[in-house]
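> First, the structure itself, so that you have it in front of you.
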Amino acid sequence: MSEGKLQEGEAPAEGAHQSQEITGLFLQHPETTVAITGTDIVFTAKVDSTTLTRKPTIKWLKGKWLDLGSKAGKHMQFKETFDRATKIYTWDMKIIKVVPGDAGAYRCEVTSKDKCDSSAFDISVEAVHIEEEHDIMSAFKRTDAGEDEGSLDFSALLKATKKKKKPVVDEEKADVWEILKNAQPSEYEKIAFEYGITDLRGLLKRLKKMKTVEPKHSDAFLTRMESAYSVDKGKKIVLQVEVVDPNAQVKWLKNGQEIKSSAKYIVESVGNIRTLTINRCSLADDAAYECVIGDEKSFTEVFVKEPPVTITKLLDDYHVVVGERVEFEVEVSVEGAHVNWMFEDQELSRDSHKYRFKKDGLKHMLIIQEATLDDIGMYWCFTNGGRTKGELEVEEKELEVLQNIADLTVKAEDQAMFKCEVSDEKVTGKWLKDGVEVLPSSRIKLTHIGRIHRLTIDDVKPDDAGDYTFIPDGYALSLSAKLNFLEIKIDYVPRQDPPKIHLDTTGNMVSQNTIIVVAGNKLRLDVEISGEPPPTVVWAKGDTAITAVEGRVRTENRKDLSCFVIEGAEREDEGNYSIIVTNPAGEDKAHLLVKIVDVPDCPENVKCTSVGEDCATMVWEPPKFDGGVPVTGYLMERKKKGSTRWTKLNFDVYEGVTYEAKRMIEGVFYEMRVYAVNGIGMSQPSLNSKPFMPIAATSEPLGLKVHDVTDTTCTLKWLAPEKIGAGGLDGYVIEYCKEGDTEWVVANTELVERQIYTVRNLPTAEKINFRVVAVNIAGRSPPTGLTQPVTIREIVELPKIRLPRYLRQKYLRRVGDKINLTIPFQGKPRPKVQWYKDGEELDTRVASVRNSEVDSILFIRSAERSHSGKYELVLQIENMEARAILEIRIVETPGPPEVVKVTDVWGFNAALEWKPPKDDGNCEITGYTIQKADKKTNEWFTIYEHNRRTNCTASDLIMGNEYMFRIFSENLVGKSEDFCLSKDTAIIPKIGLEYNPPPFKEKDMQSAPKFIQPLLDRSVVAGYSTAISCAVRGFPKPKIRWLRNKIPLDENPRFLMQNNQGVLTLNIRKPSQYDGGKFTCKAINPLGEDVVECTLLVRALKDKEDGDEK
């Protein structure tokens, strides 16, 4: 198949149609054609229907989906024929006077039940070569720009004006604005070029403000487009006009450039309506559009709007203390979208040093490095499609003392170290001695590491004794301790001096012989000993002697001094200690109690006991170990399930073990944890509580009413609660009590999900109050009750049949149909139901009946004519009854008419008569269908349909033919399956006529071959198929020969030669560099010959790329 005429250096489009073999259903495929503008072309498709069970249907399509069946008219004509002998269907599509817009890809689809086939073909349209007068404006028109085709090629015009300048004639200065006001929009570029205007966009903006368009009457348009349309990006827009002439051809222009039909732009014409559909609009489609018919134009502008940016994740509220970092985060629907941040009513500037703005894909963050009290308020985030807000609460930070400094007693040349720990590692402070600031020196060192502050004094001297105080900066708080200097006094001791323990009860001792040590700290107890000779010292814990001189717990003995050291005190170190000194002169003993204090253990069993709409009650158990110091209170934190950010609930220590957490969001799962606090510090957090959800009970049910009452039951109906909430609705509880009682009895053992319930086993004639309560996971809702009690007593109701409207007249159904009739009724107590047919009780073998309390159903699985008749429904309650009669008729197609005969024949007419059918199908005969057939072809044609009489006249019969007739009968069901054939025939005799045609002189149409369209030189890329074309005229039809470098191409399979009504095409399949050269086309007939030549240059692909780079 032809791949169409390509522009120079252009590769064929990907997926171009290739030659197809005759496969599938098609016997003959439509062929690709190159047409000349103004000529007629016909495409033919044939299908063999011998193997098909149904008649095949065909569709002619242009492009992917444009159905050409709706385009039938003067320009396109469709024809279908059928050959009964060969059972071959033939379809023709004829395009009259081809126009350039007919070029493109076409497809022919044929379907028959579950079989289908498709054939694709192309139409290429070439213009007739006509020499015209030289016109500088037409010479620079773009003819190869496709959709970008415009009226002028400005770049070419500028080059032409540089080469050839004409003398400028002084003319009277024109008013450009007046010219533009009166000009069409498509002429703006031309006028701008003529008057040297370069800023065409600015000119159009100014002109739009100046120019007012007044509606005027149009001879071409009935309805014009609006002045402007708007469409969302990615959506579809349809531009529509209504024209006066339904056969008028229109052009659609975009910014002055003609639009060609494609998958993006779909041009349609239906009757008087012309539409342009733009699919998947982008910002490039934001332009001016015109619909042109001759000199008339309809103008509009299309504005493409970007979709709104919506917020997919809302801002969270923050509750922090002064100095903490705050990070508001929001997610939007479009990556890279622009968002605005506001604090209260003030927009936040991105130049501010206080705020940082961060963007990560869909996430946008507002960061406050150190929150202050001035930052308290509401923060907003805005997009063009929504907004969200988050509240920031900032509280003053309270400094907590996690470890206080302790008194020290040291001796000369030892080291003294005061240590304290506060809750904020950023807090600085200063040390004072007796009210005077301590400055660092080579002997005195001040250190601050994290939350721990230390004052270290090396080589202690007597002057270092005194009161030391640590004061944190910015807080009204001070920590004090005392440094005691231990002087060693040397007294004269007799040689036999019994041992003596000189125990200093100051310092760490809070009471007599009791020492308190904070867990993790170091205990060093220096005990002065005297005695002569020097006594032996033994330290013991309980009954176990401590003999280690190295390790965490050890003793150090020196002359007149014994030291007991515990490095990093632990809870196991707590207990009673004793020191025993002995020498020959005697023995001395002292007892000490070492108490280890620590932060408490974490609280236990944190759980939620109850929830509300925005609150929850939490309880927990105190820690098993309080650290040796009474627990002063607790700190609570909560977080959303799945989140990692904990929010503090209290900054002041809470003393109880039951806490109500508020300001939560209903329907969101939360988790909580608790810290215990004592005088030493804060414990580790407890285990997270089980997730809980703040939910509230529903509102009360609505509209409680009594639906039915019997002697022992009462049926109630109600509506769902107005407010259900996140906890959902599990069901309802129905309660009742006797009038005057206060004890309510639950009627249902399980929750009722429906909004109707029958309370049973009620006492007859009692007055009962009822109420309904909605229940969900949060508990019971407020009850809703009746305004007055209900008396339990059945009310007798007369039987009444509510016969549907369609059953009040004759009910018709076809044989074999299913009949299912539901007839509602009412009555109390439940009535007795009885069916009758034609006055006799209905046999259950004829029809099935199912009765309920409110209706009766008559069911016939497969209707037969015997089921026709009058059916009667009877309801009885005691001596009262109600009746309803319905008539059912089962119908089918009638039998054929009887005794069809030709009663008379005259001229070209024949009179027919017949008798009605014996079987009318159980309904009235509505007409007859009469058909005729001549004995030559035996093809039947309908001459009358729905003829109500039993006679007719067949007219317009053909002379010399013998006709036979057949008749079908019709009723409401349809046409009879069989027909009745006429016993005799109608013969139309011939009448003698003689025709003397006038003499005819045949015109001599012979002419020698002459090429009316020459071959053009071409340059193509190797490997891409191409074609060269020319046109020849001559009679008799000339013989065509193609030559390359004077060598005939007749037997070369790589060259396909086509001749379509004088249009000659040579298709070259994937030419190589060796296929170039001089191509010659010869046309020869008995009257002469003609020759045309062209040169074909085949370039390598690399040459093409080099040319593109240049």
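Counting begins at 1 with the first residue displayed.
Cβ atoms here come from the backbone N, Cα and C positions, even for glycine.
All annotation found in TrEMBL is predicted automatically rather than curated by experts.
According to TrEMBL, the protein has these features:
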- 12-124: domain 'Ig-like' (DOMAIN)
- 215-310: domain 'Ig-like' (DOMAIN)
- 397-469: domain 'Ig-like' (DOMAIN)
- 499-595: domain 'Ig-like' (DOMAIN)
- 602-698: domain 'Fibronectin type-III' (DOMAIN)
- 700-795: domain 'Fibronectin type-III' (DOMAIN)
- 799-871: domain 'Ig-like' (DOMAIN)
- 896-991: domain 'Fibronectin type-III' (DOMAIN)
- 1009-1099: domain 'Ig-like' (DOMAIN)
> Helix, strand, coil residue numbers for the domain 'Ig-like' (215-310) per DSSP?
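Each residue of the domain 'Ig-like' (215-310) counted once, the result is 3 helix, 50 strand, 43 coil.
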> Look over the recorded stretches 12-124, 215-310, 397-469, 602-698 and say which has the most C-beta pairs under 8 A to the domain 'Ig-like' (499-595).
397-469
> On the 0 to 100 scale, where does the mean pLDDT of the domain 'Ig-like' (1009-1099) fall?
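In the predicted model, the domain 'Ig-like' (1009-1099) has a mean pLDDT of 91.
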> Helix, strand, coil: count each for the residues of the domain 'Ig-like' (499-595), based on DSSP.
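Breakdown, helix to coil: 3 helix, 62 strand, 32 coil.
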> Counting by DSSP secondary structure, give me helix, strand and coil numbers for the domain 'Ig-like' (799-871).
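Summed over the domain 'Ig-like' (799-871), the classes give 6 helix, 38 strand, 29 coil.
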